[in-house]
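The feature Mn(2+) 1 binding site is assigned by Swiss-Prot to 41, 108, 119, 120. Look at Swiss-Prot and you will find 80, 108 tagged as Mn(2+) 2 binding site, backed by sequence analysis. The feature motif 'Nuclear localization signal 1 (NLS1)' is assigned by Swiss-Prot to 124-139. The feature motif 'Nuclear localization signal 2 (NLS2)' is assigned by Swiss-Prot to 184-247, with similarity to another entry given as support.
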């Protein structure tokens with residue numbers, strides 16, 4: 001029978017039937033007749049829907065394949081064949097949009113013309129017997145029932161057959177053909193006799209019959225029947241049992257399960273030491289942009305052309321000087337590097353035709369800044385394995401750093417709105433199915449909340465910089481290429497805008513492995529005076545390079561313009577992930593969706609619209625020393641996005657470890673809040689695992705401080 005089914009039915013139908021049987025824990029190798037019945041039922045549902053459309057006038061029409069008008073609305077929504085969650089989502093959506101009564105059981109189809117759900121039946125017995133069984137099970141006047149048999153008979157509610165005669169004849173012919181094919185292989189009799197009646201779930205949920213036998217058979221050793229096992233589980237006290245099991249395992253294991261009470265957890269110990277410093281690959285809140293609106297210059301879109309055009313918008317350049325030296329670096333080299341960039345940009349402008357890319361002269365200052373010839377020479381292992389004192393470099397333990405307020409300010413700034421639009425709404429065609437309509441509605445609401453967000457600017461900036469750097473690393477491996485740091489956006493009025501943040505000069509980049517490092521020097525414009533928070537800028541040499549006139553309430557004011565210069569490095573794998581920072585949008589959208597789903601399941605209807613449009617409602621955003629912070633749904637969207645973006649910008653082994661280990665502690669605390677009486681052993685070991693990740697990373701230290709606020713408020 002299984003071979004016959006695979007030959008006789010479309011592979012897609014066979015695959016759906018396999019999934020359905022798997023979902024209900026049935027073996028298609030054993031239940032071959034059931035397999036054939038499911039395939040037959042699926043095919044009838046699909047044939048019922050095929051070629052039936054609704055035109056612009058709302059009339060039902062039949063369109064055969066190959067007709068150019070086939071983009072009309074389908075008359076029937078197919079519910080059968082989808083997984084249960086998706087099927088119920090579609091049913092709920094249809095009920096919300098059409099006002100139809102929600103059925104108790106999943107129907108097979110929805111008819112948009114007659115506005116009713118349809119239950120399709122295919123029987124090997126008398127149609128009227130099967131019809132009565134279906135009606136008795138559904139107990140709903142609203143769901144339309146249509147039964148077909150393998151003998152060409154049919155029966156439908158109130159003799160209303162929904163489809164035209166030709167469409168129904170096509171279904172009956174197909175069923176007759178299946179019967180003939182089965183009979184010719186000697187499979188029909190077994191198939192006909194295997195049909196059971198519709199089974200309804202009793203109101204009192206008692207396990208009887210086959211299920212009861214299976215329950216009695218599927219018990220752990222030492223239990224005679226299901227009732228004994230159920231009684232044992234109901235009275236089970238886990239803590240003492242686990243202790244006993246552990247003591248049997250080994251003489252060394254001596255774990256006592258300690259109850260986890262409100263007084264048990266202590267705050268995480270944050271490290272002492274000098275304040276932590278900025279370690280992102282580009283400036284965040286301190287960045288300054290030189291911008292052009294409605295760019296239409298020759299070569300628009302070519303980064304070097306755009307950069308030169310942006311540089312021309314500023315007239316306040318002055319002789320640069322170091323205002324905050326880098327403690328360990330040769331600061332005159334950073335100064336000379338900036339002067340070299342200005343000089344070489346001037347050279348380009350003097351040329352008749354501006355080149356598309358610019359490779360910098362390999363001066364001594366750039367060689368120093370890019371670590372040229374600084375790497376120790378690699379020697380083949382065979383040539384030195386006889387060296388007696390061969391050993392790995394002694395590496396210093398990382399210096400402990402304390403949390404500094406600047407990282408919280410950075411995060412707050414990332415959640416704020418800017419006056420530009422950083423992402424466009426997707427240009428997506430008309431939605432066909434209700435589920436697509438819900439998805440695109442959620443996406444549009446979410447995009448509207450985050451398109452102006454500074455975190456979204458960081459995404460687009462990160463994508464651009466990483467893409468440009470990876471391209472240059474592959475295309476110009478030996479060159480010190482000058483790479484402008486550019487982003488594009490739209491103003492509130494919808495005008496296009498190109499922004500220049502500064503420049504990167506990349507070093508030699510023969511990147512064979514994913515983790516091979518390419519060095520680069522970044523030079524970024526800013527109005528932030530580094531002397532206000534010198535600890536934040538430990539890794540930078542900061543120059544004063546000009547004066548910028550800014551409009552303010554009292555008229556124009558002049559502010560010094562700074563250039564933040566540092567040597568940095570990245571790898572192929574880091575650039576690859578940097579190029580995919582748009583995933584942060586998807587991650588935070590999914591988090592918002594799960595909030596909407598939770599709300600929708602309580603209200604039993606899709607709550608997307610209410611969720612985003614009820615401006616008076618506030619939602620929890622996070623913990624602070626003051627307590628639980630709340631805000632609008634837009635603020636929640638932007639905060640979740642900023643967290644995701646910072647996880648990408650500040651990705652590190654410390655963050656990986658902290659996230660994984662602190663999650664365990666979080667789950668225990670959550671269990672306590674839910675009155676689940678959690679027990680723990682070696683809680684000290686868990687704290688150790690969390691705290692060994694608290695070294696010097698600003699984002700990890702901030703998360704640890706948030707975690708402590710959460711502990712304080714969660715356990716009040």
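Every residue gets a Cβ built from N, Cα and C, even glycine.
Here the structure is a predicted model, which means the values were calculated and not measured.
Cα separation, residue 120 (Mn(2+) 1 binding site) to residue 80 (Mn(2+) 2 binding site), rounded: 10 Å. Geometry remark: residue 41 (Mn(2+) 1 binding site) versus residue 80 (Mn(2+) 2 binding site), CA distance 9 Å.
Summarising the environment of residue 80 (Mn(2+) 2 binding site), the number of other Cβ atoms within 10 Å of its Cβ, over all protein chains shown, is 22. When the alpha carbons of residue 80 (Mn(2+) 2 binding site) and residue 108 (Mn(2+) 1 binding site) are compared, the span between them is 5 angstrom. Contacts of residue 119 (Mn(2+) 1 binding site) defined by a Cβ separation under 8 A and a same-chain sequence distance of 6+ are given as 105, 107, 108, 134, 138, 143, 144, 145, 146, in order along the sequence.
Secondary structure at residue 119 (Mn(2+) 1 binding site), taken from DSSP and collapsed to helix, strand or coil, is strand. In the predicted model, residues of the motif 'Nuclear localization signal 2 (NLS2)' (184-247) average a pLDDT of 70.
The Cβ centroid of 41, 108, 119, 120 marks the Mn(2+) 1 site; residues of that chain outside this set whose Cβ lies within 8 Å of it are 44, 45, 80, 107, 109, 118, 121, 122, 146, given in sequence order. According to DSSP, the motif 'Nuclear localization signal 1 (NLS1)' (124-139) comprises 12 helix, 0 strand, 4 coil.
Every protein chain considered, the tally of other Cβ atoms within 10 Å of the Cβ of residue 108 (Mn(2+) 1 binding site) stands at 23. Residue environment of residue 41 (Mn(2+) 1 binding site) contains 20 other Cβ atoms, counted within 10 Å of its Cβ in all protein chains. DSSP assigns residue 80 (Mn(2+) 2 binding site) to coil, not to a helix or a strand. The Cβ of residue 120 (Mn(2+) 1 binding site) has 21 neighbouring Cβ atoms from other residues within 10 Å, across all protein chains displayed.
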